[in-house]
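Trainee: The structure that follows is given in the form of structure tokens.
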Amino acid sequence: RRKSASLRLTKIEATETGFPRCDRSHINFYPTHTGKYWTRCLRGFVSYGKMSDIGDWFKSIPFITRYWFTGSIVVPLIGKLGLISPVYLVLWPEAFFHKFQIWRPISSTLYFPVGPGTGFLYLVNLYFLYQYSTRLETGAFDGRPADYIFMLLFNWICVVVSFKTEGIMMLLMIPLIMSVLYVWAQLNREMIVSFWFGTRFKACYLPWVILGFNYIIGGSIVNDLIGNLVGHLYFFLMFKYPMDLGGRCFLSTPQFLYRWFPSRRGGVSGFGVPPSRRPMPQEQAGGGGGGGGGAGGGRHNWGQGFRLGDD
């Protein structure tokens, strides 16, 4: 009886400290069952630690990447288990335009047919999604979730439009992932990255190396190529043309995205920053600020002003 009471006390103390509770209905607190009791407790502690590590890792994923990563796991799992037929998850133009199945552009972005011949390709691209979307969201777009969502929306729309022109592409997961990877590679073009078999090269070549790699392991070169072209289009219109070539900015984040996803300060920045803006010829000719004469093309120096009524 004393041993039974001590076991009950131990169980209550362990529960109050936050450890997993052993199932009381399946345990007889007698000396002959002491070994089974502690075996179950130890199994609960180990499983609790594993779940805690997975939970902490999942919470450490940035906000936008976390939802994208989760959707890219849940939707293929739904199709694999047969809860929803994969026919309703791919992008089919006739069903989208004529049957008003408007969810197809979104579901085809998250769905990938997982099987014996495509499982490795799916895992590789899922790793690319987690790795480079996380780096981009915590790097160049750190503290600016609205700008990052706008980039994803722009790339997604371009990928959907390219599907309409390229009639063979029905899955949009790989093109969107490759477009994000391309933007990261351009913002970190001088960084040395490592790939399989110890190969090392500059990050600007990474999208094209992955294109060849996916082609070798059975992927479609069309999907990767469209993703690279879409990523280049965004990078050129957002960074290259207005900052390096002095042109106008054709892309700007809508204000409603800033209201829904306000910018924040702080955080850990890294993994590349947007290129610095190159001064325009008019600014160079104007001397950068206060003045220059009219012959120099700069602004006129109006001199010091006086308040009305002063001596």
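Numbering starts at 1 and runs along the chain as it is shown here.
From the backbone N, Cα and C atoms, a Cβ is placed for every residue, glycine too.
From a predicted model like this one, the values you see are computed outputs, not experimental measurements.
According to TrEMBL, the protein carries these features:
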type	residues	note
COMPBIAS	285-300	compositional bias 'Gly residues'
REGION	272-311	region 'Disordered'
TRANSMEM	67-90	transmembrane segment
TRANSMEM	110-133	transmembrane segment
TRANSMEM	145-162	transmembrane segment
TRANSMEM	168-185	transmembrane segment
TRANSMEM	205-226	transmembrane segment
Trainee: Output the single range from 67-90, 110-133, 168-185, 205-226 maximising the number of Cβ pairs under 8 Å to the transmembrane segment (145-162).
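Mentor: By Cβ pairs under 8 Å, 168-185 leads among 67-90, 110-133, 168-185, 205-226.
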Trainee: Same-chain Cβ contacts of the transmembrane segment (168-185) under 8 Å, 6 or more residues past its ends?
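Mentor: Same-chain residues near the transmembrane segment (168-185) but 6 or more away: 72, 90-92, 105, 108-113, 125, 128-129, 132-133, 135-136, 139-140, 151-152, 155-156, 158-160, 162, 203-207, 210-211, 214, 219-220, 222-224, 226-228, 230-232, 234-235, 271-272.
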Trainee: Determine which residues of the chain contact the transmembrane segment (205-226) at the Cβ level, with the cut-off under 8 Å and only residues 6 or more beyond its ends counted.
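Mentor: Apart from its flanks, the transmembrane segment (205-226) reaches 117-118, 120-121, 124-125, 128, 159, 162, 166, 168-169, 171, 174-175, 178, 181-182, 185, 193, 195-196, 199.
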